[in-house]
Amino acid sequence: MADDWQNGGFGLYVHWPFCQAKCPYCDFNSHVAASIDQTRWRDAYLSEIKRISDLVPGRTLNTIFFGGGTPSLMQPEVVADIIDAARAAWPTANDMEITLEANPTSVEAGRFQGYREAGVNRVSMGVQSLNDDDLRRLGRLHSVAEARKAFDIARNTFDRVSFDLIYARQDQTPDQWVAELREALSMAIDHLSLYQLTIEAGTAFGDRYDRGLLRGLPDEDSAGDMYFLTQEICDAAGLPAYEVSNHARPGSESRHNKIYWRYGDYAGIGPGAHGRLTFNGQRHAIDTALAPGKWLETVEKTGNGDQSCTPLTGFDQAGEYMMMGLRLRDGISVNRYESLLGQPIANTEELESLGMIEHSGDQLKTTDQGRAVLNAVIRELLPDSEGA
Amino acid sequence: MTELKNIRNFSIVAHIDHGKSTLADRLIQMTGTVAERDMKQQLLDAMDIERERGITIKANSVRIEYPAKDGQTYILNLIDTPGHVDFAYEVSRSMQAVEGSLLVVDASQGVEAQTLANVYQAIEADHEIVPVLNKIDLPAAEPDRVRENIEDVIGIDATDAVEISAKTGLGIPDVLEAIVTRLPAPEGDRDAPLKAMLVDSWYDPYLGVVVMIRVIDGVIKKGDQIKMMQTGASYRLDKLAVLKPQMIDIPELGPGEIGVFTASIKQVRDTKVGDTITHDKKPCDKPLPGFKPSVPVVFCGLFPVDANDFESLRDAIEKLQLNDASFSSEMETSAALGFGFRCGFLGLLHLEVIRDRLEREYDLDLITTAPSVVYHVHMKDGTQQDLHNPADMPDLTYVDHVEEPRIKATIMVPDEYLGDVLKLCQDRRGIQLDLTYAGTRAMVVYDLPLNEVVFDFYDRLKSVTKGYASFDYQFTEYRQDNLVKMQVLVNEEPVDALSMMVHRDRAEQRGRAMCEKLKELIPRHMFKIPIQAAIGGKVIARETLSAMRKDVTAKCYGGDATRKKKLLEKQKAGKKKMRQFGKVEIPQSAFISALKMDD
């Protein structure tokens, strides 16, 4: 019998933890460092790739994703070495997707050609806003004009370019967002990530919010309006949502991210990277040390950057599959979910009668309505604690 | 044994903060009753809550030896009484045990509502009253105006009022002399059969029940076999003592004397305040008239926040009842709040004190439901039911009419706030009985329904008068009115814990306030939820909680799975702690806030 991960594929995530500045809304593992010895980092990544490929050898690698932090601060040679090492470690798909996250500044755009030559075939740009005031409020170092210029260079360099926008920002009205979104759609090639601003604990915004200093955030109703307007406008523009916050022309979805949502296997390397890897017939949840220096030293000294590697029960996997899978418009396979859980799915009738979910063959999907309140839907559907 | 002519028994009447306990402390201190090193503030208030709130809850007494200017040594027995209306019954019986009172009035503030109620009790008990003007050292003191005020409002001669500062000790010797020269000595017959009044009793963890008595006739000795004339129970005295204020053993107590005894009595309930104590073998022929037992007038539910604490709550309530027979309890079950107790109290302060003691002394977290009064429900078949809990209101088709307790409330307030006070009383269905002025202070007397007062009247009064009003009340009668039970329905399901009795004319307003509040307190669900207030089947107020519009995590990639799933699992576990009403889940905190209704 095939392992469950094969339903989702296999990808490699490379975390580059450094940024030029920390954005106030960002809760990702990113750090600002004065100087970085990129050779040392390269060696550590290569050593991790080798180690993991010994653990899960011979499987086809579908995707590589350079995330961060700001991976567009990596030297193209380092990116090239990592891609080459991955290609050497696993058989790769012919159409392997290799994505790199980039900040839309001129400095970084200057490296695009190098990344392309290294093998990168898709970039995802953190444009975040098409409004200079808001870019400043979001703590971004680029201007709209600079972003547009960088975006043009990217689209001339790569076939596939996506960019991110953050909405439901401070003092943003639905009308303003609609105008900005239309402008974004006129630039877009085949993929857009549209995120509602989320105030995360432990960020500068989170701190300001707790002290009552982050004013003008839309309330639930007006944030809801913006969300539904976004769906409507993107559908009409031919970039429907295939996931809660991700929109693409059919066929241009991020294959790497879909591995997460389809609950495939992924190796995560770099500080704070997470992985799900099936070996010896058992899926494991893996994480690494958060602090860049600590991860680097651990890899150099012990040859293993993992901080923990925990076997996941069927119950755990079922919960993760549901939580990730229902984010996709395609939903989850009930058979697959039930065979992970070892018992039938529960509590669907009420949600179905409320119009939050629907069945289509073996697939269980959220409706547009249900996806907007996905957390509530998942709270209902998540299996009760094990044995209960 | 002390000669009757050398005994003086007295109490102190004062408004809260006018210095009653401080004066008591000074009297004890200046006569050397307590060694200087053992002195502490509010010496007679043993409970933490009494000290913290600056109030006296339980009566207490102290025996003071005072060598007077006439060369003789007197025994002064002070019975310290609670000042608050809730404990009026304690005051009235303590008054019966003494012959005189010191009326302490703050020389800068004048007579307040509570002073009035208590001084009338003293007058009723035929007390000789010595007015004392306290805080005379304050720049704002106006002794002449306050003297006039005492004469106007109370109607007693204040010409010879003693001017003191209990804080600095100024004038305290004059108070001691006034007690000796102006208060009468007790009367009694040493050779008659024993006749003593049971003044109070309390539970001591080491000694069991301690009984405070005032001997009228005869002599009581340690080892005596005594009888309680009302209960008929007989006991042998283990210990006889006087309070200084700690217990000092004494061989005997004669007429006019006040002391305490223990006699292996198990619970406070076995002793009846006002009972007559006599000798088993040679009883007196006629008992004292006794007192009416105090009856709880305010009821509320007490529920443990954590359902596992129910047994601890039961134990704690039983222990407190050992000491306070005036507080009643019976088990109650609520769909919203689980298992708890419906408890009866003498008033709101009593309720707060008991709740504080349960939470503090027994380390419990409690939910207190909105206080309610006892209604008399007259059924069509001629029977009458006492309704302690609105949830138990019988079906209206069987009910002929409902009566509610009314009170006579006296409020004294600086005239600049009078308008607000009148409006407040009027809003609470009050009927004005009297309005008089004493200087710039007005005294208004209102006939009010008690249920409007237990709700949040004190707080409102305090806030509209910036704390300058004083308030007191006494129960008058039960009176019929248009009273109905208002139910709250959430998604068409009745929520028992939120039912309340209201006057029909106030129902819409209360109903609206409750629905609006619940709309804020109940979390949104995936469907919209009607919240209604209804009388019988008729909806009188309605709000709609709209459906949840958006609750989705914007970003969730490979690195987020573990953390986000834990969060959702935690939220799911939190849902389980909510109370389920049909399809609606209501957090317990919503009930707590809704029941407070502090608007």
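Just so you know, glycine gets a Cβ as well, placed from its N, Cα and C.
Note that the structure is a prediction, hence the values are computed from the model and not measured.
Going by TrEMBL, these are the annotated features:
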BINDING   B:D17, B:H18, B:G19, B:K20, B:S21, B:T22, B:N134, B:K135, B:I136, B:D137  GTP binding site
DOMAIN    B:5-187  domain 'Tr-type G'
- Item | Pairwise Cα distance maximum in Å, GTP-binding residues per record: B:D17, B:H18, B:G19, B:K20, B:S21, B:T22, B:N134, B:K135, B:I136, B:D137 | 18
- What mean pLDDT score does the domain 'Tr-type G' (B:5-187) have in the model? 84
- Query: For the binding-site residues listed here, B:S21, B:N134, which shows the highest count of neighbouring CB atoms within 10 A?
  - Reply: B:N134
- CB neighbours of B:I136 (GTP binding site) within 10 A? 22
- Message: These are the binding-site residues: B:D17, B:G19. Which one scores highest on other Cβ atoms within 10 Å?
- Response: B:G19
- DSSP says B:N134 (GTP binding site), in three-state terms, is strand
- Task: According to DSSP, folded down to helix, strand and coil, what is B:S21 (GTP binding site)?
- Result: helix
